[in-house]
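Listed in TrEMBL:
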TRANSMEM  12-31  transmembrane segment
DOMAIN    38-246  domain 'TLC'
TRANSMEM  43-66  transmembrane segment
TRANSMEM  78-99  transmembrane segment
TRANSMEM  132-153  transmembrane segment
TRANSMEM  174-191  transmembrane segment
TRANSMEM  211-234  transmembrane segment
Amino acid sequence: MEAPILFSSIPNLLSFFAFFLIIYLIAYFIIFPSWKPKLRPEASSCVISFFHGTPAVFFAVTSLLADPDRNFHSPNTPFQNLVLDYSIAYFLMDLTHYLIFYPSDVLFIGHHLATLFVFVTCRYMVYHGAYAILVLLILAEVTSFVQNTWTLANARKSDVEFAAKLYALLSPPFYVLYSLVRGIAGPYFVYRMLSHYLSGAADDIIPRWIWVSWVFVVVTAISVSILWVLNLWVELYREMSRKLERKVR
């Protein structure tokens, strides 16, 4: 049963990967040809993230609502598996992007590899637990549209006035939303997830080493995200302090 399921999913993975590859190439060669060489890869990565983040949230929510028996160790539904394939293809494409243009960026490469491990084991090894993984995907990607817009504005704020204004406008609400999701909602859901697995309810379905790995990856990712947004808050505070000092003078 498992082998046919694995092979039947390959066309989906290839199609989704080709989809993201084509979007990346269009962004790199058609949308951003005039951008500086150092910025074009990052901007292209943002574009494929636009096509993954918000759609993945919508697909994941829809797939979870359509499953009346969902829980932390329930079997994956075909729709949930399709969402996992969609995200696996995206992270494979973005990992390829980092390996080509930023091979020394160990943090992001490690993040993508760890994320792929979680998705792949859920999708192709245990065939259960998509509820937990997709809720985490929703929490991770619900801020992606604003974050990608903020990232593009940040890349051009030094030479494009509109980008500078957009960056300044988006920064506070983006930091607030990101802090709430990664600092409160994420840890709370991981606590519920860990409590469920520690109860032993999933031990006969999801091997302990797998769910322990999932929790470790998620806790690490959330911790890094919290440190990242804290640093952004510090930078914003310093920038606002400098502006206030100039006004006083």
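Yeah, the Cβs are placed from backbone N, Cα and C, and that goes for glycine too.
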>> Restricting to CB pairs under 8 Å, which listed stretch, 12-31, 132-153, 174-191, 211-234, is in contact most with the transmembrane segment (43-66)?
In response: 132-153
>> Which sequence-distant residues neighbour the transmembrane segment (12-31)? Criterion: at least 6 residues beyond either end, Cβ under 8 Å.
In response: 40-41, 43-45, 47-48, 51-52, 82, 85-86, 88-90, 92-94, 97
> Excluding the flanking five residues on each side, which residues at least 6 beyond the ends of the transmembrane segment (132-153) place their CB within less than 8 Å of a CB in that stretch?
Replying inline: 42-43, 46-47, 49-50, 52-54, 56-57, 60-61, 63-64, 72, 80, 83-84, 87, 118-119, 122, 163-164, 166-167, 170-171, 173-174, 177-178, 181-182, 185-186, 189-190, 193, 214, 218, 221
